[in-house]
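What Swiss-Prot lists as [4Fe-4S] cluster 1 binding site is C10, C47, C79, and the listing cites sequence analysis. The [4Fe-4S] cluster 2 binding site annotation in Swiss-Prot covers C148, C152, C155, and the record cites sequence analysis as its basis. Per Swiss-Prot, the feature domain 'MTTase N-terminal' maps to 1-116. Residues or ranges marked as domain 'Radical SAM core' in Swiss-Prot: 134-370. If you look up Swiss-Prot, you'll see 372-436 marked as domain 'TRAM'.
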Amino acid sequence: MKLFIQTLGCAMNERDSAHMIAELRDKKHYTLTNDIKQADLILINTCSVREKPEKKLFSEIGAFAKEKKAGAKIGVCGCTASHLGEEIIKKAPSVDFVLGARNVSKITQVLERPKAVEVDIDYDDSTYVFASSQGMGIKAHLNISIGCDKKCSYCIVPFTRGKEISVPKDLLISEAKKCVASGAKELLLLGQNVNNYGVRFSHSHPKTNFTQLLRALSEIDGLYRIRFTSPHPLHMDDEFLEEFASNPVIAKGIHIPLQSGSSQILKMMRRGYDKQWYLNRIAKLKSLVPNVGIGTDIIVGFPTESEQDFEDTMEVLSLVEFDTLYSFVYSPRPHTSAFEYDKSMLVSPEVAKERLARLQNLHKEILSKKAQLEIGRIHNVLIENHYNGEGQCWSEGRSSSNKLIKILDKKCEIGSIVKVEITHNEGGGLMGRFINELSLSEALASKEYFQNPIYIQEGALC
């Protein structure tokens, strides 16, 4: 039997899809297909963080229903499934079952139940996260927690994924070792609020925090890098920052969601910090790791956002000079406190879109400047892809600080670690020259993120 799966949204959804694929392969003997007309089972793993993907869902269901072969089943999974539940089947009778984000481990059970709806956000089966860690190549994903307790005023995730529960450390270490034994060089730790790890465990467990987990995982033989997403700024204490800086296995690229640079808007968002607190944490981080790569999320057009509020956000963008930016216009979501705001508090779509364009244009200018400053710098690159044919030869991978670097005229083995000098950039993309290949021990000892010239201005963020 054949499975077609469409995954929308975040890395957590990608991981959930990988789990369902493995469950269906191992227990029901399904194989993947990219041709929907051949599929016996069609899964749509959905996202509900913004309204647009939810609206698009029903048109996609209709299209799939027309294309599918007779007898093929359609299942809707993920956060939109948690949010809308039975409403999905009422609006789209061609859907055979609905499976919430917290319930993906039940995928093989619901197949035989007509019009099954499983959307229990309190369901606790944290062991499911291990079902498909192996065989993922040089980069493996590992869920260390599920759910979120934060209740930010704009975010529907606590409603769709439930309360926060951490996976016991010994289980994580055991699974991480299996990933490395299967060829993984890099682990991506996943959690809705990943650095709040340890707040609540699925069963009795000694007290452990995120920093202690990172330290334990980094001791696994053969592991080159650990990345994680997404942390919350509030849990970036000094113990964590010092471990992040000093531990060579922890990649020196980090995503730190800002959401807004306005202290007033941050208060309305229930983020728990203000503009200056955020900047102080960034200043501390950059003092420890000068060339750290920092990504962020920003929402523009949040209710009551004034021009000055927006300018505060632009100022933070200019000061921090984020390496990656995920930016969106505010999308009101049911089951959030911001959804109840009076319509008079909303920013007009025209103003919000104009602000988003200004924000993104400023970020493009920042990236262009930073790309020029990279020329001549040395990075250790974990090779993720290569190509040799039709008169072209190149390899591609990421540095510790998460910079995507293309190496021209050299085919490097996927999974190898190579030293690269940045020679130029094309359209903001970094191009480099192969210097030499490194052993794992050589790469961990070189600390390329300290060897490069520092381009931040001391005290600029204080």
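Each residue, glycine too, has its Cβ placed from N, Cα and C.
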Cβ neighbours within 10 Å, counted over all protein chains: which one of the binding-site residues C10, C47, C79, C148, C155 has the most? C79
Rounded Cα-Cα span from C152 ([4Fe-4S] cluster 2 binding site) to C10 ([4Fe-4S] cluster 1 binding site), Å: 18
Using the CB centroid of C148, C152, C155 as the [4Fe-4S] cluster 2 site centre, which other residues of the same chain sit with their CB within 8 A? K150, K151, Y154, I156, V157, P158, Q192, N193
Under the DSSP assignment, what numbers of helix, strand and coil residues are found in the domain 'TRAM' (372-436)? 2 helix, 42 strand, 21 coil
Taking the Cβ of C152 ([4Fe-4S] cluster 2 binding site) as the centre, how many other Cβ atoms fall within a 10 Å radius? 21
Which state, by DSSP, holds C79 ([4Fe-4S] cluster 1 binding site): helix, strand or coil? helix
Sorry to bug you, but what's the C-alpha spacing from C148 ([4Fe-4S] cluster 2 binding site) to C47 ([4Fe-4S] cluster 1 binding site), rounded to the closest Å? 16
Restricting to the domain 'TRAM' (372-436), report the mean pLDDT as a whole number. 94
Roughly how many Å separate the Cα of C79 ([4Fe-4S] cluster 1 binding site) from that of C152 ([4Fe-4S] cluster 2 binding site), to the nearest whole number? 17
Around the [4Fe-4S] cluster 1 site formed by C10, C47, C79, which additional residues qualify by having Cβ within 8 Å of the site's Cβ center? L8, G9, M12, N13, T46, S48, V49, P53, G78, T80, A101, V157, T160
Can you break down the domain 'MTTase N-terminal' (1-116) into helix, strand and coil residue counts using DSSP? 60 helix, 25 strand, 31 coil
